[in-house]
Amino acid sequence: MADSKEGVLPLTAASTAPISFGFTRTSARRRLADSGDGAGPSPEEKDFLKTVEGRELQSVKPQEAPKELVIPLIQNGHRRQPPARPPGPSTDTGALADGVVSQAVKELIAESKKSLEERENAGVDPTLAIPMIQKGCTPSGEGADSEPRAETVPEEANYEAVPVEAYGLAMLRGMGWKPGEGIGRTFNQVVKPRVNSLRPKGLGLGANLTEAQALTPTGPSRMPRPDEEQEKDKEDQPQGLVPGGAVVVLSGPHRGLYGKVEGLDPDNVRAMVRLAVGSRVVTVSEYYLRPVSQQEFDKNTLDLRQQNGTASSRKTLWNQELYIQQDNSERKRKHLPDRQDGPAAKSEKAAPRSQHWLHRDLRVRFVDNMYKGGQYYNTKMIIEDVLSPDTCVCRTDEGRVLEGLREDMLETLVPKAEGDRVMVVLGPQTGRVGHLLSRDRARSRALVQLPRENQVVELHYDAICQYMGPSDTDDD
């Protein structure tokens, strides 16, 4: 009992010493970017500007010259194999059987290894990188199971390193091509490639590109002048193809007429022009327009108006003179005796008169630029009916019928294609229909074959005209 009591400590004898806690390990502060570590991003290198030459900036550090990209050609690895010996009668069938069995065993072992690897790598991404072996190369080693050579396995290509436009030249350089040298074994000469240029917008396949380029103004542009001179010469300089700008038509049915641009059609490269004579809006290709100054526009439009006024006044005077002549002739006929009617009629028949050439089914050109404000100027049309020797009715290609057209408003039209039918309108063969054989633009003459007379005649352009009538018509 005494021993047990001695081993038990009393509760009241507790120690009054203070209790303290401490840590023996401290956590180090982690830095996100370590400047001493080589794996971190390198600081940006500063460059300084050295000189400025034109639009080029030269720095202190010279730039490396761009290297020419070369894609080496993959050589074919065809190797010569010794010819197989023909099987002789001494061939051991047992050796052949052993070879077949050993090959089957190797295939089974390879298949088992493959399945084992697939099971082990079940959790791995199934997308594998399959190396491409050079075409025509056989794996090195004794058997077919040996690994391919390292040089036959291509490296992973960096497609961003080679631009698309430089890929073809890089392949040619790898094949041994050099700039300035010909390609070929027998006729190695440099052949310039044919580059097809795009046609100007708005010109189709039937348009003549050379004529459009010839009409386009190619003069040198003027240097800008001071503000005072620009304001002074503002009317002397063309504004260009802009709405409100003055232009002149260079080609087409409205050739030589002036007008102002009302609007532009950039999709079809055409402009809506209001003609100065007649105030009619027409659509013309921009290639057939030339901008003019306001001073030139005012001068030419004034001349056209004066010509129009003089033409109308001449027409009025001509009508008055014709009326006076008719009145005088009627008065003379009343006062002359009846016995003079016979000789007078004979003298009228013997008097020379101008020969008229109007005939039905002739294709003519309208040349009067004052008729209805020049609306039908340089337009091709067909004579529908002849009202009098010098008056006719015509129909345009659009189907419009024009009545009361005089002979002096029209001119004969010679076809361009050889073999087209023409009619002789002046001379002893008037009214004959033949075929055009050839034309001579320098002399304005043409060779015409007349089938009925079976002869070939040379006539002037004014003596023939394109005929659009029935093929079996050949009036005498």
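Placed from the backbone N, Cα and C atoms, the Cβ positions cover glycine too.
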Feature phosphothreonine, as given in Swiss-Prot - residue among Thr26, Thr218, Thr316:
Thr316
Phosphoserine: annotated position in Swiss-Prot, out of Ser115, Ser140, Ser312
Ser115
What residue among Thr138, Thr216 has an entry for phosphothreonine in Swiss-Prot?
Thr216
Record-annotated phosphoserine (source Swiss-Prot) among candidates Ser35, Ser59, Ser197, Ser313
Ser35
Tertiary contacts of the domain 'KOW 1' (240-267), defined by C-beta under 8 angstroms and 6+ residue spacing from its ends, are 211, 215, 273-277, 281-286, 288-294, 296-297, 300-301, 304, 369, 374, 376-379
Other CB atoms, at most 10 A from the CB of Ser115 (phosphoserine):
10
To the nearest whole angstrom, what is the C-alpha distance linking Ser471 (phosphoserine) and Ser115 (phosphoserine)?
90
Mean pLDDT, the domain 'KOW 1' (240-267)?
86
What is the total of other Cβ atoms whose distance to the Cβ of Ser471 (phosphoserine) is within 10 Å?
8
